[in-house]
Amino acid sequence: MPYTFENSEALLKNLKDAAPYISAAERFASFKGFVYDKRINIACTSEKLARAGFYSTASPEFPASAKCPFCMLEINFEQCDDPWEKHKSGSPHCEFVMIGEIEESELSFRIISNLAIRHATVRLYEELLGIVATLENGDIANENPITRADATRKLISFRSSSKLLTFDHRLATFQNFIFDKKRNVKCTSKKLAKAGWFSIANKKDKTSAKCPFCLVELDFDESDDPWEEHQKFSASCDFIKLGKLDEKKWTENEALMLGARITIMQKYEKGSWLIDELEKENRIDEIIKIRKIMIKPNHVLKRRRCSI
C-alpha cells in the first residue's frame, strides 16, 4: 500500500477519536471550574495536572479527582500536591511518565502514536470491565447506557478479535511447523506459542512468527529460544512485561487487558506500517502535518488560562 498523506491523516484521526485525552490541551479542557484554580500560589492547578498527564474525573464527593488515560492512576489531589511527582510515585512504569517532562512539540510521531494506542487500549479495557459487570450483575444500572444485548454483542466481537490471546489458538496457527520434525531443538511450535508467537509462515519464510501484542515479526532458527528472542526484540511488549507464560496464572483483569491490547493492535496494524514508511523515508514535512492532528499547540492552554 503506497504512502499518502491522506492515509496517515485518516489513521491519526481514528487514533484521536479512540484516544480523546492524548493531548495536554484536551486534558486541560476537561477541568472546567477546577476547585483550586481560583486560589493563589498553589502547586496543583488544572494546567499542571493536564501537563502531568491527567484529565478530570471530578465529582461532588471528590472535586479534585483526576485520572491518567495511559495507566488508569486516579488521585483525589490536594492543593499542595505536585501533579508530576504524584504521577511518578504512583505509577512509575506508566508510558507517559517514562517519557519524562518533555514538551509535546518535541515528541516524535512514533511516541505520540504509541501513547494514543496505549490510551485506546486502556479505554477499551475499561469499557470491557463495564460490559462484564453488566452481564454479571444481571441488571442495568440507571447511569449505564449499555443494554444486555449490546453488552453481549460487544463481548462476542471482542472474543472474536482477541482469539490469539490464548496458547491453544496461537499453537493452532503452526501447521506442520518445520522444526517440529527435528529432535533436540530449542525452537518448537509449542515453545513459540507459549512465548506469545503465532505463525505467519509462507513458502519463502517458513519459520516466520509474529506477536499479536506488539506486532514484532521474526524469522526463527532452530537454535533460538522463543521467549528470549521475544524479550530481546520487544522488551516493552505487554505480554513480555506481564512475564507469565502460563496463562492459567493470569488474573481476569490481566487477561482482559491483554485481550484489549490485541484488539487495538489489530485495528491499527496498517497504521503502524504507515508510521514505519514515514520514518524510513524521513518525510519530515508530512510528519509535522499529521502530528498537529494529534497534538494541539501549547498556546491553546495559555489562551484559556489568560481568559479565566
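Including glycine, each Cβ sits where the backbone N, Cα and C put it.
Sequence annotations record features per position, and here Swiss-Prot assigns repeat 'BIR 1' to 27-98.
Less than 8 angstroms from the CB of His87 (Zn(2+) binding site) sit Ala52, Gly53, Phe54, Cys68, Leu73, Cys94, Phe96, Val97, each of them six or more residues away in the same chain. Under the heading Zn(2+) binding site, Swiss-Prot lists Cys68, Cys71, His87, Cys94, Cys211, Cys214, His230, Cys237, citing sequence analysis as support.
Annotation source Swiss-Prot lists repeat 'BIR 2' at 170-241, citing sequence analysis.
This prediction places the mean pLDDT of the repeat 'BIR 2' (170-241) at 95. Taking H, G and I as helix, E and B as strand and the rest as coil, DSSP gives the repeat 'BIR 1' (27-98) the counts 21 helix, 8 strand, 43 coil.
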